[in-house]
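Student: The annotation NAD(+) binding site is assigned in Swiss-Prot to F154, K178, E181, R182, S231, E386 on the grounds of sequence analysis. Positions annotated as active site, nucleophile by Swiss-Prot, on the basis of sequence analysis: C286.
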Amino acid sequence: MITTEIKRVKNHINGEWVESTGTEVEAVPNPATGKIIAYVPLSPKEDVEKAVEAAKAAYETWSKVPVPNRSRQLYKYLQLLQENKEELAKIITLENGKTLTDATGEVQRGIEAVELATSTPNLMMGQALPNIASGIDGSIWRYPIGVVAGITPFNFPMMIPLWMFPLAIACGNTFVLKTSERTPLLAERLVELFYEAGFPKGVLNLVQGGKDVVNSILENKDIQAVSFVGSEPVARYVYETGTKHGKRVQALAGAKNHAIVMPDCNLEKTVQGVIGSAFASSGERCMACSVVAVVDEIADEFIDVLVAETKKLKVGDGFHEDNYVGPLIRESHKERVLGYINSGVADGATLLVDGRKIKEEVGEGYFVGATIFDGVNQEMKIWQDEIFAPVLSIVRVKDLEEGIKLTNQSKFANGAVIYTSNGKHAQTFRDNIDAGMIGVNVNVPAPMAFFAFAGNKASFFGDLGTNGTDGVQFYTRKKVVTERWF
């Protein structure tokens, strides 16, 4: 239930809501207004240790619950999430700022991840080969690995936690969750519904906070694996620190996703696709299109239509249904984004749509409108860096080959898209582009939960991605059994 009172956020440890043992807190504003809606604790190491102890104790019994029973329990959780979809979407819009339409879509994608977790009995099946030698059989068995942890970002406060803890718990593990201190309210509601579904205490524990919580998770000897989603520098740190302490780590990092626009594309659908990918969720997503490589032959026509359609987008509070671009998460991020726009102008790019001057229209929130640059090149920071905002750079290329070369020069390799009606172009793109997730006339090539989600290069640190069979492999340990009976 959403109220107007300012809330003091708590941790959830061993089945109970508890105050942090620390005294430091951080204010949580509504990004659309700047008004404080909550205070979140910046929990110390001691709170993490209590959560891990609770998870360890719960693991002794939870890991022995039959796999189908664990899945049935998760199905109850799935039903509660479905019953509370509207409330969950409103909480996301309140504390994250994205439009209610975008928030509703996120809720659905989170629910799909839990649907995957309910199918764990199929995904956890091992392998067997009888008679590998005279009278000897071989088999592979999958077992849970123990206490695992997830560290999640502000931009998808429902979907990304639900990539992690339902699947890990379905595999028989117990979980310590640290969500972004910028979006603590949705995390609270996810945990409330989890225990309404009847799970034993200590199976899922929530510790709110910042860097101290992250470091405590990475250094705790009883945590066996860590899942992370966030920026590239922090992902690299999480991976290096976690593996140094003997943990499995999957760290999904930053992005600079490119789209190549071919002359044979469907122009109207391509323009709408680029707009949706670049500017929905205020561009604060790792699968947003941030660079368009448009072939010269169609460039002028494409840009004219793109600019005209972009100028129609309304910016403002995500609760107002006419608004397409909501606020950025914080004032500090807004200032960072404005710095990138200013650098693009200073570096000589042509600013076709300027999202800086909108305060008179939208008030005191952390707003930056949809922004488009033309004439961008690889020497500019707006091409090189992840901006994480509704800022789109256009690079003109002579053909598909040059577009692929440009895309592959980025240090990031999360997603990439081609807009074309030519199957040969699509095949060439698919086979030569360096990206973990590829779209052909698909605006945001984020796969469904039964496929793995992960990028390449500086967009991912680790071996196994989230979701799908990758997720099950990450949260389980194999035992290879060779047996003979006399």
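Cβ atoms here come from the backbone N, Cα and C positions, even for glycine.
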Student: Please give the NAD(+) site's span as the largest CA-CA distance among F154, K178, E181, R182, S231, E386, to the nearest whole angstrom.
Tutor: 24
Student: According to DSSP, folded down to helix, strand and coil, what is E386 (NAD(+) binding site)?
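Tutor: Assignment for E386 (NAD(+) binding site) reads coil.
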Student: Which of K178, R182 (the binding-site residues) has the most other Cβ atoms within 10 Å?
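Tutor: The most densely surrounded of these binding-site residues is K178.
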Student: For a quick check of packing: other C-beta atoms within 10 Å of the C-beta of C286 (active site, nucleophile), how many?
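Tutor: A 10 Å sphere around the Cβ of C286 (active site, nucleophile) contains 27 other Cβ atoms.
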Student: How many Å lie between the Cα of E386 (NAD(+) binding site) and the Cα of C286 (active site, nucleophile)?
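Tutor: Between the Cα atoms of E386 (NAD(+) binding site) and C286 (active site, nucleophile), the distance comes to 9 Å.
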Student: Report, in whole Å, the straight Cα-to-Cα distance of C286 (active site, nucleophile) from F154 (NAD(+) binding site).
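Tutor: Taking the Cα atoms only, F154 (NAD(+) binding site) lies 12 Å from C286 (active site, nucleophile).
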Student: Measure from the CA atom of the residue listed as 'active site, nucleophile' to the CA atom of S231 (NAD(+) binding site) and give the result in Å, rounded to a whole number.
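Tutor: The residue listed as 'active site, nucleophile' has its Cα 9 Å from the Cα of S231 (NAD(+) binding site).
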Student: Only counting partners 6 or more residues apart, tell me which same-chain residues put their Cβ under 8 Å from the Cβ of E181 (NAD(+) binding site).
Tutor: E26, V28, V40, L42, Q208, G209, G210
